[in-house]
Amino acid sequence: MPLPCRGSRGSPACHRSNSVSGNYFTVDLHSTNTIGSRMVEIQLQMSERALELLVLPDHPCYILDLGCGSGLSGHVIEDNSHMWVGIDISPAMLGVAVEREIEGDLILGDLGHGVPFRAGAFDAAVSVSALQWLCNADRKFHNPVKRLYKFFSTLYACLSRTARAVFQFYPENNEQVELITSQAMKAGFFGGVVVDYPNSTKAKKFFLVLMTGESMSALPAGLGAEDNVDRNRIQYSKKGNSKHDPLRGTKGKLAKKSKAWIKQKKQRWARQGKETRPDSKYTGRHRSGRL
């Protein structure tokens, strides 16, 4: 059975979530006591950075924590005088959050099924180290493209039209970044990827910054790369990304609308399940413009 919403607010924005099997993701509650302080410190730092990228107003806001786990991000949200609701797929991790007596409301649910909240319920959304799991097909019936779109479309609906959503995530490769951003833009978001410390192997962090408003503000600069600001800000829009994803260097960039560029784009569309015309001898050929 799903955990109900819990907390003093009574969660007016909440609908009943679908049940999720407890066997999907389990954690030894005893082992959580042995988590290194360094790991906790990193988690808290990433949560603080994600909250900074939200650019929240001075007054208290209502924030959705996606993949809240044991409530570490929620603790940072509370310290900044905001209210929050957390959703996570793991009953064990939510149990830890309850034991820690966090102030936020908790819901058991799979993000791939969408987020079960009313339209415009939240002022912002934040997520730390959870988004990349939606790219996996952990069960036979899982389709990463459909799960990502379901997640982003329902998230877009439950955010106000001035809201931001910030995701710290760990992409495995270029294709994951493109898959995630394409589904977010398809759902209606604007935004891009901010990369902190892009020249560091260990400290590099990826943040997907999404906005709901039509007038998209400029993306913030990533940390640790003041000498090359453009390199650690990759902007996207509904019409597509203007640059390659942040995992790819500038070398080897294909000329736009060249034959190779068109074939690469068609292959990408095919991987995403979009209808794509087969190649022919006319693919990529420039027309003279004469009748």
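In case you wondered, yes, glycine gets a Cβ from its N, Cα and C as well.
Since this is a predicted model, take the numbers as computed values, not measurements.
What TrEMBL says about this one:
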type: COMPBIAS; residues: 250-271; note: compositional bias 'Basic residues'
type: COMPBIAS; residues: 272-282; note: compositional bias 'Basic and acidic residues'
type: DOMAIN; residues: 63-142; note: domain 'Methyltransferase'
type: DOMAIN; residues: 210-288; note: domain '18S rRNA (guanine(1575)-N(7))-methyltransferase Bud23 C-terminal'
type: REGION; residues: 236-291; note: region 'Disordered'
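For the domain '18S rRNA (guanine(1575)-N(7))-methyltransferase Bud23 C-terminal' (210-288), the model's pLDDT averages out at 66. Secondary structure of the domain 'Methyltransferase' (63-142), assigned with DSSP and counted as helix (H, G, I), strand (E, B) and coil, comes to 25 helix, 22 strand, 33 coil.
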